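I have placed the structure first, in the form of structure tokens, so that the comments after it can refer back to it.
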């Protein structure tokens, strides 16, 4: 993956608040969007997805476009995020997996040895052509709203492949990491290649920013993260740097890893709800923007409680800016919960924009 990709000219969106905040410029208003904003919280999403499997949906460009647009139309958020799933590039490459309702991704043949790693198929851009087509449809429809592309980080993809599905303790993943570092690094190197190819395909198609989701990194100690994960995430960010778009790095439960995650090369570090943004800024260090960090569960507590927490978070974000953070993008500290009232999200957008 040493050959640098080339990217066609993309949309010029000088006034987009999200891009301004991510790039260290002064936005016209505080930008806000939500992880998992296109999803089960929206009745129009549930209707259009009825009877259609998750992975099938992710490879239908017109459907991806419509689902991605739904929260932009409804909530007035400052960014769209491509409707997809972190295992899409694995499926596209030919790995036998499915997304099982109520469980998540399930892998038919878990990876447990160096031979298993060697047998993994490599992703080529043509295999995610449907995703690229969806990006092109979206950039034609979004107007001045930026489109965020995304991928799963090598560690999180590795956990799914090693465990065979979601895991509470990641015991097989950690066992492989510690008992057979050679196989571990070979696996993450292969998955970094997959992630890079997937992101480059989205960037060539015209996404305006990218986010790397390391959903399970919070299961690691700082020492484990630095030794077994950071070099591979660094390579992902380095390989897409030439696209010159904002790069966001996010993981759940990663308060103790924020400094190292900031070192990986992103322009923006996502923060979950467990740590105040001004504290996060000190851990990340100056020169990075921050994204976050309302607890998704607070949206069930009523408008007064939401407003109280939003005012706290924006004050902490302003303190982070004073301490050297280069921008703030308001978001939740994790994805929108399925039973969230869509009206609460719309009201949250209006509140953030009013402050």
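Just so you know, glycine gets a Cβ as well, placed from its N, Cα and C.
Note that the coordinates shown come from a computational prediction; the quantities given were computed from them, not determined experimentally.
If you check Swiss-Prot, you get these features:
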type    : residues                              : note
BINDING : 36, 37, 38, 39, 40, 85, 160, 215, 334 : substrate binding site
SITE    : 85                                    : site 'Transition state stabilizer'
CB within-chain contacts under 8 A for residue 334 (substrate binding site), separation at least 6: 35, 252, 272, 273, 296
Fewest other C-beta atoms within 10 angstroms, as judged across 36, 40, which are the binding-site residues: 40
Protein Cβ atoms within 10 Å of residue 38 (substrate binding site), excluding its own: 25
Under 8 Å by Cβ from residue 85 (site 'Transition state stabilizer'), same chain, sequence gap 6 or more: 54, 55, 58, 99, 105
Listed in sequence order, residues with CB under 8 A of residue 160 (substrate binding site) and six or more positions away: 87, 90, 97, 105, 107, 166
Distance in Å spanning the most remote Cα pair of 36, 37, 38, 39, 40, 85, 160, 215, 334, given for substrate: 23
